[in-house]
Amino acid sequence: MTKQRTLSIIKPDAVEKNVIGEIYSRFEKAGLRIIAAKMKHLSKAEAEGFYAVHKDRPFFSALVEFMISGPVMIQVLEGENAIAKNRELMGATNPKEAKAGTIRADFADSIDANAVHGSDAEDTAAQEIRYFFSDTEIFG
């Protein structure tokens, strides 16, 4: 078992639905510790920078507009196999394909407004965590 850190973002649709606490409860019940957290309304530049890997994809502009449409809750999760565990909790990107009981099956509206973001690998997790948090903001 490997202790890992991963970045999680509760997106504007889920923040608007007031389900932050329910999502946090799922993280904690799965053995993930929240070791850093902040609520933020992303600027267009911040959203574009965070999702720069997708800049040439057809959905990029819509994704950026969605991510700046309201506040997001950004957190660092830590635990055994945190990346895979968080991705399992989130469910499939398309909520229609997500297993019952996953965050996206329960709280997402569409493939675009899909409630949460989670890092997909250790290198991207480290990069994404550094994008939003300094070392002094992480308590693990």
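Cβ coordinates are placed from backbone N, Cα and C, and glycine is handled just like the others.
As annotated by Swiss-Prot, active site, pros-phosphohistidine intermediate applies to HIS117. Taking Cβ-Cβ distances under 8 Å and a sequence separation of 6 or more, the neighbours of HIS117 (active site, pros-phosphohistidine intermediate) in its chain are LEU7, SER8, ILE9, LYS11.
Around ASN114 (ATP binding site), the C-beta neighbours below 8 angstroms that are at least 6 residues distant in the chain are LYS11, ASP13, THR93, ASN94, PRO95, ARG104, ALA108. Annotation source Swiss-Prot lists ATP binding site at LYS11, PHE59, ARG87, THR93, ARG104, ASN114, citing sequence analysis.
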- Query: With every protein chain in view, how many other Cβ atoms are within 10 Å of the Cβ of LYS11 (ATP binding site)?
  - Reply: 23
- Item | Per DSSP, three-state class assigned to HIS117 (active site, pros-phosphohistidine intermediate) | strand
- Of ARG87, ARG104, the binding-site residues given in the record, which has the fewest other CB atoms within 10 A of its CB? ARG87
- Message: Give me the long-range Cβ neighbours of PHE59 (ATP binding site): same chain, 6+ apart, Cβ under 8 Å, in sequence order.
- Response: ASP112
